[in-house]
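Q: One structure is given below, represented as C-alpha cells, and several questions about it will come after.
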Amino acid sequence: MVIRSHQTWKMEILLIARWVLSSIIRRAVSRGRHHRIYRLRFCARNLIPMLEYSSTVRFQMLWHVLTNLQEVILGTKLAVLFPAIPLAIAADYYKFGRPWIFALSLLGLTPLAERVSFLTEQIAYFTGPTVGGLLNATCGNATEMIIALFALYQNKIHVLKYSLLGSILSNLLLVLGTSLLCGGLANLKREQRYDRKQADVNSLLLLLGLLCHMLPLMFRYAMGEGTATASSTLQLSRVSSIVMLIAYVAYIFFQLKTHRQIFDSQEEEDDDEEEKAVIGFWSAFTWLAGMTVIIAVLSEYVVGTIEAASDSWGISVSFISIILLPIVGNAAEHAGSIIFAFKNKLDISLGVSLGSASQISMFVIPLCVIVAWTMHIRMDLDFSLLETGSLAFTIIITAFTLQDGTSHYMKGLLLFLCYIVIAACFFVHKIPQNQISEGKPFTGLFSA
C-alpha cells in the first residue's frame, strides 16, 4: 500500500477548491451578476487562506493516522490474520460453536503477538538501552503471560502449566532448532560461530529453573501422597519461586548494567543497518495498550473454550496447550530468529530463543505461583513426572548442543526432531477432565 504525502493531498484539495470558485465566478460574469461576483471574490481572498490553515492541521493528522495504520497493521506478513479478531468477537457475541471461537481467537492472537514485539521495539528507541532492554524483557512474552493469568483466574492450573511448559520447549527445540537448521543450510560450506558467554549464562538460568521444578516433584515422591506432603510441596514451591524471581532480577541487572559487554556483540550486529523508529512514542504506546486489551479479550476466549475444542477435534488438552498455544505466542520470535540465522547472526538468534525461554522459566512461572498465592489458589512447581522429564531432557540437550560455540545444520535438525518426539508424546497423552481445574481456593500464607 502506497500512501501519498499529506502535502500532496492538501495541494490537490486546495486546487479543487480554487477551480470550483473560479468556475462560479466565470459563470456569474457571463450572466452579468456583479454583486455576486464581488461576494465570490471576497470569499476567494479569505476562504482559501482559511482552508490552507485548517487543512494543514487536518491533513497532518490524517497523514499521521494513515502512516500508523500502514506501519502497525500492514507492516507484517501476518496482517491477513487480523480479520480473525472481529470474527472471534462476533462468534462469541452470537454464541457460535465454542471450537470456532477457539480457532478464530488463536488465529487472531498470532499477528497480535508479533505486533506487540514490534511496538515494544519502537518504544525502546525513545527510552534508551536500559529501559528499552527491560521493556523488551517484560513484554517479550506478553501473550503467554496474559493467557497464563486468565487460566489462573479461571482456575485451570493444568492449562496454565502446560502452556508455559510448552513455551519453554518451543523456544529451546522448535525456534532454536529450526534457526540452527536454516542457518546451517544457508552456510553449508562452513560452521557458524557464536559467543558462548551469553549461551552459558542462559543455560545456567535454565538449569536453576529446572532444579526448582524438580525438587517439589522429588519431594512428593520421596514423602508419599498426603495432605501434609501437598502442604509442604506448596511451601517449597513458593520459596523456590521467590528465589527464581530474585535470580531473574539479578540476571536483568547483570545483562543491562554490570556485564553489558557480554551482550554487546549481538547489539552491534543488529545496529549494522542503522534502523530508526517509524512511529512516535505516544503512538506506539497507544497501539501497545490497545493491542494488549485485545489480546486479553482473545486470551479469555481461548482459555474458556479450550476443553470444548479438545472434545470437538479429538485432540488432548495437553497437546493444544503445549504445542499449539506456544506456536502462536512464539510466532514473532520464530520468524525473527530464523531470519537472523540466515544472515549468519547466530548471537541474535540465541538471544531471542534462549532469552525468551529463560524469561518464561525464571519470571513468568514463579510470578504465576506468587499471584496464585495472593488469590488463595493452590499452584506449585510440581509439573508431574512426564512434563518435568520432558523439560529436563530439553534443557540438558540444549546445553550440550551449545557448549562448543559452533553450529551446523545437524544440530538444528536433531533439536527439531526432539520437538517432534515430545509433540507426539503429548498428542497421545490424555488427562482426566476433573484434573484440568485442580487449584482450590484456600486461606493462609504458608499453610494449605
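Glycine is no exception: its Cβ is also placed from the backbone N, Cα and C atoms.
What TrEMBL says about a protein is an automatic prediction, not a curated fact.
Reproduced below are the annotations present in TrEMBL:
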- 100-256: domain 'Sodium/calcium exchanger membrane region' (DOMAIN)
- 284-427: domain 'Sodium/calcium exchanger membrane region' (DOMAIN)
- 72-94: transmembrane segment (TRANSMEM)
- 100-119: transmembrane segment (TRANSMEM)
- 131-153: transmembrane segment (TRANSMEM)
- 165-188: transmembrane segment (TRANSMEM)
- 200-219: transmembrane segment (TRANSMEM)
- 239-256: transmembrane segment (TRANSMEM)
- 277-299: transmembrane segment (TRANSMEM)
- 319-342: transmembrane segment (TRANSMEM)
- 354-377: transmembrane segment (TRANSMEM)
- 383-402: transmembrane segment (TRANSMEM)
- 414-432: transmembrane segment (TRANSMEM)
Q: Of the listed stretches 100-119, 277-299, 354-377, 414-432, which one has the most C-beta pairs under 8 A with the transmembrane segment (383-402)?
A: 414-432
Q: Go through 72-94, 100-119, 200-219, 277-299 and flag the stretch with the largest number of C-beta pairs under 8 Å relative to the transmembrane segment (239-256).
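A: Maximum Cβ contact count belongs to 200-219.
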Q: Of the listed stretches (72-94, 277-299, 354-377), which one yields the highest count of Cβ-Cβ distances below 8 Å with the transmembrane segment (200-219)?
A: 354-377
Q: In the domain 'Sodium/calcium exchanger membrane region' (284-427), how many residues does DSSP put in helix, strand and coil?
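A: For the domain 'Sodium/calcium exchanger membrane region' (284-427), the helix, strand and coil counts are 120 helix, 3 strand, 21 coil.
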Q: May I ask which of the stretches 72-94, 100-119, 354-377, 414-432 has the most CB pairs under 8 A with the transmembrane segment (277-299)?
A: 100-119
Q: Would you mind listing the long-range same-chain contacts of the transmembrane segment (72-94), meaning Cβ under 8 Å and 6+ residues beyond its ends?
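A: Same-chain contacts beyond the ends: 1, 100-101, 104-105, 107-108, 110-112, 114-115, 118-119, 278-279, 287, 294, 297-298, 301, 331.
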Q: Tally Cβ pairs under 8 Å between the transmembrane segment (414-432) and each listed stretch (100-119, 165-188, 319-342), then give the stretch with the top tally.
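A: Top-ranked stretch among 100-119, 165-188, 319-342: 165-188.
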Q: Grab the same-chain neighbours of the transmembrane segment (319-342) for me: Cβ-Cβ under 8 Å, and only residues 6 or more beyond its ends, written as numbers and ranges.
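A: The answer is 78, 106, 109-110, 113-114, 116-118, 140-141, 143-144, 147, 158-159, 162-163, 165-167, 169-171, 174-176, 178-180, 182-183, 186, 192, 302, 306, 309-310, 348-349, 352-353, 356, 423, 426-427, 429.
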